[in-house]
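Residues or ranges marked as Cu(2+) binding site by Swiss-Prot on the basis of experimental evidence: HIS24, HIS115. Annotation source Swiss-Prot lists Cu(+) binding site at MET63, MET66, MET69, HIS72, MET75, citing similarity to another entry. Taken from Swiss-Prot, the feature signal peptide applies to 1-23, supported by experimental evidence.
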Amino acid sequence: MSILNKAILTGGLVMGVAFSAMAHPELKSSVPQADSAVAAPEKIQLNFSENLTVKFSGAKLTMTGMKGMSSHSPMPVAAKVAPGADPKSMVIIPREPLPAGTYRVDWRAVSSDTHPITGNYTFTVK
């Protein structure tokens, strides 16, 4: 194998290791779970695959539907967003108990690689 081929192979291996170390955070689980129907939760917990950079991560809660109202406009829900007990989690704590309806959680997660990853999911309060 020529020196050039060895250098290219070594460079490729180094880059592969570097890129695998820069994994983006993924939402691993949530409470309540996506598409679930639950009693009004006191908090919503989001659990990610990586430690979060709190300063740049966050979430918001929106009520997207209310029983008996066919044309309910989305309404932001007043809530506090805080780091979870685990550095890979965050919690959303609504200021008031959630009334029956459908809700969307929009989240933004940033880990040590500094790339923001966003997503959302819905759940229903019975």
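Glycine is treated like the rest: Cβ placed from N, Cα and C.
MET69 (Cu(+) binding site) falls within a strand when secondary structure is assigned with DSSP. The Cu(+) site, placed at the center of the C-beta atoms of MET63, MET66, MET69, HIS72, MET75, has further neighbours from the same chain whose C-beta lies within 8 angstroms: THR64, GLY65, SER73, PRO74, GLY101.
A gap of 35 Å separates the Cα atoms of MET66 (Cu(+) binding site) and HIS115 (Cu(2+) binding site).
Distance between Cα atoms for HIS72 (Cu(+) binding site) and HIS115 (Cu(2+) binding site): 34 Å, as a whole number. Secondary structure at HIS115 (Cu(2+) binding site), as computed by DSSP, is coil.
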